Amino acid sequence: MATFAWIATIYTGRPVFKVPFLYFAGFVLLFVIGGVSGVMTAAVPLDWQLTDTYFVVAHLHYVLLGINVFPVIGGIYYWFPKFTGRMMSERLGKIGFAVTFIGFNVAFFPMHIAGLLGMPRRIYTYAPDMGWTTVNQITSLGSFVFALGVLIFLIDVAWSYRRGPIAGKNPWDAPTLEWSVASPPPPYNFATLPFVASRHPLWEDRLPEASKTRLRSVLDEGYILDHGREALGTTALDAEPDIILKMPEDSYAPFLLGLFSALVFAGMALQAWWLTGAAGIACAVVLIVWLWPERKLVQREPYPVHDEGGALG
């Protein structure tokens with residue numbers, strides 16, 4: 001179902017063949033191969049022949065390595081401009097993807113064949129007349145190619161971090177809120193809490209369904225939470241902004257509570273009852289300090305953005 005959902009999403013959209021998309025597309029193919037090889041081992045007659053062979057090793061590598069490494073690298077290419085402010089190289093990225101994808105499949109797909117030829121798992125050597133030599137030589141060659149692709153990716157990361165082109169706010173023309181702020185984002189993320197009226201707030205002027213509603217997302221006006229650590233509270237039924245909640249600031253109390261709690265159990269294990277009692281008292285003191293109400297945590301009402309504080313104008 002996931003595979004068909006991904007294909008349908010691509011088919012109904014307008015895919016942009018940048019490096020992140022290539023890694024995602026490669027992931028889908030590896031996901032299918034790894035999934036099909038797993039289903040094959042679920043058939044009892046095949047499982048009798050394939051259990052503890054290199055076929056299972058091939059399936060394991062496609063599932064654990066292929067469908068984890070490719071999405072992670074693609075995600076790094078996608079999010080790199082947001083957390084560094086610089087773009088990675090499109091040319092190096094495409095070269096690295098090609099080398100990585102080819103190397104991965106050359107390295108691990110022949111393991112299926114080795115398993116079908118009867119090569120068992122967990123061996124480091126075998127007799128030369130078993131018929132597995134050529135397959136393993138291909139696997140070794142592919143592993144070096146795969147390592148070269150990963151090296152190209154790492155070089156791209158190091159180079160782009162220092163000398164990559166300036167990314168700007170939204171280099172991918174993405175529709176979601178995180179791409180409406182600077183890259184990298186400021187510590188507070190949003191100067192005002194945005195009002196969001198759709199799933200794609202940055203694309204509302206170009207999507208056909210936007211004409212069916214009068215609501216529009218507002219990203220540069222909203223509630224300003226500028227009095228320390230605060231959160232916006234809403235009404236229970238309508239989710240309308242109702243109150244600004246004061247949140248506790250950073251505290252050492254949780255760490256100290258965890259430390260003294262560990263000492264309680266350590267004292268019980270060692271039968272050092274004095275340690276258990278002292279640590280228990282310390283836990284109680286830390287809890288009281290942690291949970292003691294503070295005057296500065298009193299809730300306050302929201303007010304308009306053009307006034308001293310901030311609210312939806």
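From the backbone N, Cα and C atoms, a Cβ is placed for every residue, glycine too.
Because TrEMBL annotations are produced automatically, they should be read as predictions rather than curated entries.
Owing to the predicted nature of the structure, the values given are computational and were not obtained by experimental measurement.
Taken from TrEMBL, the feature domain 'Cytochrome oxidase subunit I profile' applies to 1-197. Residues annotated as transmembrane segment in TrEMBL: 21-40, 60-80, 92-118, 138-159, 251-268, 274-292.
Count of Cβ pairs under 8 Å against the transmembrane segment (60-80): among 21-40, 92-118, 251-268, 274-292, the largest is for 21-40.
Residues 19, 22-23, 26, 30, 33, 37, 50, 53-59, 61-62, 65-66, 69-70, 73, 77, 130-132, 135-136, 138-150, 152-153, 155-156, 159 of the same chain sit 6 or more residues outside the transmembrane segment (92-118) yet have a Cβ under 8 Å from a Cβ within it.
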